[in-house]
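Per TrEMBL, transmembrane segment is recorded for 26-45, 91-110, 117-134, 140-163, 175-196, 239-258, 325-346, 352-371, 400-419, 425-447, 459-483, 489-512 (among others).
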Amino acid sequence: MSSLVFLLTRSVKNSFLELLRKPAKLILWILVVAMVVGFFLLSIFTNQNSNGAYDIVWLKGIFFLFILLFIVTAIQKGLSNGDVIFEMSDVNLLFVSPVSPRLILMYGIVRMTKMAFLAGFFILFQSSSLGNGFGVGYDAVLLILLGFILAVCLLQILSLFIYSLTNGKPKRKLAVKLISAAAFLPLAAYICFQFFKTDAPLPALENALHSSVFSWTPVGGWASEGVVSLISGDTGTGLMFLGLLVLTGVLLILYIALSNPDYYEDVLVATETAFERKRTVSEGQLNTEASSKKKVKVSKTGIGGLGTSAVFYKHLRESFRANRLGLWGVSSVITVLGTAVLALFMRGKGNALLILLQILMWMQIFSIGTGRGLKELYMHYIYLIPDSSFRKIVWSNLELVFKVLVESLTIFSIAGIILGEPVLLIALTIVVFTLFSFLLLGINYLSLRWTEADISAGLLIFIYTIAVIVIMLPGLIAALVIGSMFGGIGVYIGLGILAIWELIAALGCFALSKGILHRCDMPVVKTGK
């Protein structure tokens, strides 16, 4: 036991010493802490006596859907190769040491808690949105983070439990799928019953959220009911449901530790798979279709174009091979459907389309890097094409430009029609969102100069986010100040000013990054800490 405690304390100490040896990372952490403290102080002064725009029961539903994503992922991992709770260094050193396997499992659980906290770290920055939407303070943000950590830790343990039971046993895998579906069947049946009873979607969902069927739905219902009960002041109910998460996790750990002390083989597959994935990514192998071991059905072959334009046609061919709808992947369909559902909920609320625009812009900050154009930077081919850096940047991102344009047209047209917004407002939101994506591309290419070829790697994602906020700030301030001077048409003027600023800032970023592909090292994905 003392050796594992030493390992944990030494890891913490080494992380602190690494910060001292790398001033840039230390400054970054100081900025992150300052931002968290700033949001905390802002919530104190802005959310007092605030009732919020929505009933807090909707917060329960949102948190449930968020946890549901992790539930589905955990079950899928459990049925394939389990979840990762150890590093490859643990496999090579700790597993062969004379330490009790049960104590090593506890060590993995502690490390898992740290990973769950880092995964939910972004929740600390949502105090303003939660305060405006539901009238809650920063204490509610901390409770949501607590519920998230407990739920994610339980799901990681559940994933390991499922893998240990079903590995190499198809009948057990089928049983797990049936049990998983049955766990959510009562809630689905109750929601359908409420739909037929009320004949209105929103009242039916609200009745379902207030029901005990929702609260007792495993993991997602427990976490959301526990958090919202504590926020509402019902301490007993809140502690009971959060205690269910803890108790279930403890029972699963005891079962794994007592019934299968030699669990190393169960966790080894997931650890090795994660290690190999990190290694291939760090070597620039970002094409998941190429590295996949699944059979690929090739419908068409060949690409068009001449010179640099061939990159664009290559991306089109890859998109149509990866998705039946071409530029429209699963994420695009989910985004469109999710926005439509949110628009239904927000019908009748003021500035609903602008709120949707804000949410999608935040999502785009982190999803823009998944485009094929930016992924090309991690492979050597684009650097070898004998053409100008500007032409290579344009052709390699043209597929993403078309995708963003089609998505924004579809998303905001559907949301605008549902909300009954004017055509001019819908058109301006489409322009603002499209130009914002254009600006993000410029920032990513410009970042090659000041990150030394590490684009949004590790903690640098915070620097990237801060850079986006700083660059957008002049346009936002001008849009708010000037728009507020013109009354009813101020919204249109403000959006127009913001769109113009995005275009100017994007052109400035691309101008400053002129020739960047010929003046930088090839980026490398850093998969370590």
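Placed from the backbone N, Cα and C atoms, the Cβ positions cover glycine too.
If you look at the transmembrane segment (26-45), the same-chain residues 6 or more away from its ends with a CB under 8 A from one of its CBs are 19-20, 124-125, 127-128, 131, 137-138, 141, 459-460, 462-463, 466. Residues 43, 63, 66-67, 70-71, 73-75, 77-83, 85, 109, 112-113, 116-117, 119-120, 123-124, 126-127, 130, 134, 176, 219-220, 222-224, 226-227, 230-231, 242, 245-246, 248-249, 252-253, 255-256, 263, 266-267, 269-270 of the same chain lie 6+ residues outside the transmembrane segment (140-163) yet bring a C-beta within less than 8 angstroms of a C-beta in it.
Long-range neighbours of the transmembrane segment (489-512) within the same chain, counting only residues 6 or more positions beyond its ends whose Cβ lies under 8 Å from a Cβ of the stretch, are 351, 354, 390, 393, 424-425, 428-429, 431-432, 435-436, 438-439, 441-443, 445-446, 449, 471-472, 474-476, 478-480, 482-483. Contact check: the transmembrane segment (325-346) against the transmembrane segment (352-371) gives at least three Cβ pairs closer than 8 Å, residues 6 or more apart, which meets the contact criterion.
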